[in-house]
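Copied over from Swiss-Prot, here are the features:
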BINDING   H83, H182  heme b b562 binding site
BINDING   H97, H196  heme b b566 binding site
BINDING   H201  ubiquinone binding site
TRANSMEM  33-53  transmembrane segment
TRANSMEM  77-98  transmembrane segment
TRANSMEM  113-133  transmembrane segment
TRANSMEM  178-198  transmembrane segment
TRANSMEM  226-246  transmembrane segment
TRANSMEM  288-308  transmembrane segment
TRANSMEM  320-340  transmembrane segment
TRANSMEM  347-367  transmembrane segment
Amino acid sequence: MKILRKNHPLLKIVNHSFIDLPTPSNISSWWNFGSLLGVCLMIQILTGLFLAMHYTSDTTTAFSSVAHICRDVNYGWLIRYLHANGASMFFICLFIHVGRGIYYGSYVLSETWNIGIILFLTTMATAFVGYVLPWGQMSFWGATVITNLLSAIPYIGSTLVEWIWGGFSVDKATLTRFFAFHFILPFIITAFALVHLLFLHETGSNNPSGLNSDSDKIPFHPYYTIKDLLGIFLLLLALMILALFFPDVLGDPDNFTPANPLNTPAHIKPEWYFLFAYAILRSIPNKLGGVLALILSILILAIFPLLNVSKQHGLIFRPITQTIYWTFIANLLVLTWIGGQPVEYPFTTIGQIASITYFTXIIILMPVSNTIXNNIIKL
């Protein structure tokens, strides 16, 4: 068996990626989230496939087909709630994975980091089009508001929005194409994830100390496969608790009402994992400015390798930058809270302050603190 896995053309790839892969001996549980994201992706594809067998992408029957899945399909309610809450677990793992990358300086592996940003954007696009499919009130109005933001693009904006809608409003054509996108994008994510792994295994993984670990590597199997299995068990436990005991806690009550173009909900908001970006969008009074800030709130991750002026790898030995990092995380939680609040005082003011802090922490405070740390080391 050992000779087969080392010599067989297909098994050799698996062997080099998951069995004999040289891995730093000191990587912590924060490194588990990559494998957890892979598990989340598989859960989403499998549950999504079974949902797609019963779902109809037609404005007159979409809402009823989701109700039919929950009421009449064997374990349809479980599949639907695993899929809906699986998306939340996916984004929790994704945010922690990115946060760990920033904290431990994984952005120096620029190819892996940039593919990761593409993965992040593709996952957000998949989640957005998926949220429209149940065709509830918040699905419809969320799709209308977010796609309408493209009209802020000069000259071609209005044409672009109508092209995406497939008409003059969000309707049957929009729902059909969003279903097509939602079906194909997870497979594109899978392809990008393999490229992400390919680039990672070219350079080797980072480690908590930020030091070169070439002299201290151990095989991935059995040490980290066991560690990953524990993480997967805890993830599945959390997902099952969420899906079985609190299935609707992260959803919106308005989505239990069928979509009605004549009745606007009092407060339109996306799913919780988009609220931080939505808060940044709303904090700028100008439409185009808001859209640009929304895009930059994600794309700003791409400038981390460029802003890396520190002589040390990661934040483990940099207490000043650590303070700024945790301020940034707290600020992100504030933005998430503000995104779910109505557009009125004091929420608008808090949102504007938090949005400024979000960009200031990354563009100014982190590089400045790194420069100070470099000068302290020289003393």
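Note that Cβ sites are derived from N, Cα and C of the backbone, with glycine treated the same way.
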Take the C-beta pairs under 8 A between the transmembrane segment (178-198) and each of 113-133, 226-246, 320-340. Which stretch has the highest count?
113-133
Surrounding CB atoms that lie within 10 Å of the CB of H196 (heme b b566 binding site), all protein chains:
21
If you count Cβ atoms within 10 Å of each one, which of the binding-site residues H182, H201 comes out on top?
H182
Is the count of Cβ pairs under 8 Å between the transmembrane segment (33-53) and the transmembrane segment (288-308), pairs 6 or more apart in sequence, 3 or more?
no
Remote residues contacting the transmembrane segment (113-133) - C-beta distance under 8 A, at least 6 residues beyond either end:
55, 57, 62, 66, 87, 90-91, 94, 98, 101, 106-107, 139-140, 142-143, 146, 174-175, 178-179, 181-182, 185-186, 188-189, 192-193, 195-196, 199, 270-271, 273-274, 298-299, 301-302, 304-305
State the count of C-beta atoms found within 10 angstroms of the C-beta of H97 (heme b b566 binding site), not counting that atom itself.
20
Top Cα neighbour of H83 (heme b b562 binding site) in the set of binding-site residues H97, H196, H201
H97
Give me the CA-CA distance between H97 (heme b b566 binding site) and H201 (ubiquinone binding site), in Å, as a whole number.
17
Where H201 (ubiquinone binding site) and H182 (heme b b562 binding site) are concerned, what is their Cα separation in Å, rounded?
29
